[in-house]
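Presented below is the structure to which this report refers.
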């Protein structure tokens, strides 16, 4: 099964709900790729010895890895941490996440500042480009096990929106302008 992604509604209901528009507006992997979001479907049961994961890590220079279990039983101040993850932000580096178990949502902004919800399930590996506005939440299962990959020692400082003048954000906007052939508003 391929990655599922869609444009979100504007509802303020529980962030852990799917937030489909009516009618549903699905987003293709090609459109995500145009935004710089990369995707692989891997075998989460073989992550320790997966040659495809090894190839991705080698090609992209991901030499550091850790595992993160997110659920109320394993994370102190769970609701507060979930709220922090759901605050819109950018990073100076790529964000690489591989879902090994459970499920959750990564939301990214498109070139028109619309939210796209990406449903991560076991085997989904995504890379969010540096400078893209995004956020994360669990779905109603309230559990996900993620592998986080980094180049070098992890430095994962979120820069909360607005960050329109941040050099990484400017570089990302310029890459979209080049891809889409139009001026992208910095919003």
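Placement of Cβ uses the backbone N, Cα and C atoms for every residue, glycine included.
Taken from TrEMBL, the feature Fe(2+) binding site covers 89, 91, 95, 134. Proximity of residue 134 (Fe(2+) binding site) to non-local residues of its own chain (separation of 6 or more, Cβ distance below 8 Å) is seen for 88, 89, 90, 95, 106, 107, 108, 109, 128, given in sequence order.
If you look up TrEMBL, you'll see 89, 91, 95, 134 marked as Ni(2+) binding site. Take the CB of residue 89 (Fe(2+) binding site) and look out to 10 A: across all protein chains shown you find 19 other CB atoms.
Burial estimate for the binding-site residues (91, 95): highest at 95, by number of other CB atoms within 10 Å. In sequence order, 90, 128, 132, 133, 135, 158 are the residues of the same chain, not among 89, 91, 95, 134, whose CB sits within 8 A of the CB centroid for the Ni(2+) site.
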